[in-house]
Amino acid sequence: MKIAILAGDGIGPEIVAQAVRVLETLRSDGLKLELEQGLLGGCAVDAAGEPFPAATRTLVAQADAVILGAVGGPRYDGLPRQLRPEQGLLGIRKALNLFANLRPAVLYPELADASTLKPEVVSGLDILIVRELTGDIYFGEPRGIELRNGQRIGYNTMIYSEAEIRRIARVAFQAARKRSRRLCSVDKMNVLESTQLWRDVVTETAGEYPDVELSHMLVDNAAMQLVRNPRQFDVVVTGNMFGDILSDEASMLTGSIGMLPSASLDERNKGLYEPIHGSAPDIAGKDVANPLATVLSVAMMLRYTFDREEEASRIERAVKKVLADGYRTADIYEPGKMKIGTAAMGDAVLASL
């Protein structure tokens, strides 16, 4: 298993360091891992003059999976667009042909009070949103702003091909098989032809997965149901724009984005794994960042790229034990618990492994 480690910017090096410690512990227990560091984002601009240098491009192409910390920071905002750190992230997604974004939203019992919803509504929350990343209205052509009949008009094209829908549906069905075998497909087929095709193709694809229960929901209802009764969902699959919105909504049900990992996969389940939070330059170097989302990204990598369910579950159990034992970083701290720093949280996870 060859893994590229891209710490990135801001708190990235601190949180990724704890994830690497977890990987090294698994390696010492017999898991065959090869780890290699690379540069992406602002640190790559500083060292190589571009956010996604050739050496990193080669590294990630040869790796089986990539662990990323975070990229960006205000000191790069004045750079030309092509040199901004975020272009490195877009570049790696394109270079690796990543089309499926997996975003879990899990509420740990110990953090139930951190949610903005009542504990009885969100207790037991464990959702996986599978979002298509490369199509839809974000990338459809034609698009633009132009002058017509004396006034400006803006237009975009919402478009999906049958092949694009089928491949993301298969990712979602396979993910559902690893969980409770329930999949909800979200669309707006009552007014949008592109999502009528979405529903048709997902329904056809369900025939390949008779062991998975498929349901459909309109996106406006799904947004409402995520707040009204989020526990009804297990795996949700949807298009790029709807997934962009719903995954952010679901993440806030958990109370802390510092706890949430993500995966972006290609057709062979090679993946880029990263926390959903940003680089938080204001707390960089202060040993206060929460590394648990990055640690949980390692668990996702083991599950979805390497099919190592035992090791993935082992990491997740360790995180649950750390929380049950009362350890908290500043972002999830509450009175009566033990506030600890980034490295100490890494120590606690290793002790629980």
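Quick reminder: no glycine exception, Cβ is built from N, Cα and C everywhere.
These come from Swiss-Prot:
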{"type": "BINDING", "residues": "73-86, 278-290", "note": "NAD(+) binding site"}
{"type": "BINDING", "residues": "Arg93, Arg103, Arg131, Asp220", "note": "substrate binding site"}
{"type": "BINDING", "residues": "Asp220, Asp244, Asp248", "note": "Mg(2+) binding site"}
{"type": "SITE", "residues": "Tyr138", "note": "site 'Important for catalysis'"}
{"type": "SITE", "residues": "Lys188", "note": "site 'Important for catalysis'"}
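Shown here: features listed in Swiss-Prot, placed on the structure.
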residue : record                         : Cβ neighbours (10 Å)
Gly73   : NAD(+) binding site            : 22
Asp77   : NAD(+) binding site            : 9
Arg81   : NAD(+) binding site            : 7
Pro85   : NAD(+) binding site            : 27
Arg103  : substrate binding site         : 23
Lys188  : site 'Important for catalysis' : 21
Asp220  : substrate binding site         : 12
Asp244  : Mg(2+) binding site            : 16
Asp248  : Mg(2+) binding site            : 14
Ala284  : NAD(+) binding site            : 18
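Asp248 (Mg(2+) binding site) sits 19 Å from Arg93 (substrate binding site), counting Cα to Cα. Highest local Cβ density among the binding-site residues Arg93, Arg131 belongs to Arg131, counted as other Cβ atoms within 10 Å over all protein chains shown. Most buried of the binding-site residues Ala280, Val288, judged by other Cβ atoms within 10 Å, is Ala280. Across the residues annotated as binding substrate (Arg93, Arg103, Arg131, Asp220), the widest Cα-Cα separation comes to 29 Å. Remark: Tyr138 (site 'Important for catalysis') has Asn240, Met241, Asp244 as non-local neighbours, by Cβ distance under 8 Å and separation of at least 6 in sequence. Within the set of binding-site residues Asp77, Arg93, Ala280, the entry lying nearest in space to Lys188 (site 'Important for catalysis') is Arg93 (CA atoms). Other than the site residues Asp220, Asp244, Asp248, same-chain residues with C-beta atoms no more than 8 angstroms from the centre of those residues' C-beta atoms, the Mg(2+) site, are Val219, Ala223, Met241, Phe242, Gly243, Ile245, Leu246, Ser247, Glu249.
Counting in whole angstrom, Asp220 (substrate binding site) lies 32 from Ala280 (NAD(+) binding site) by their C-alpha atoms.
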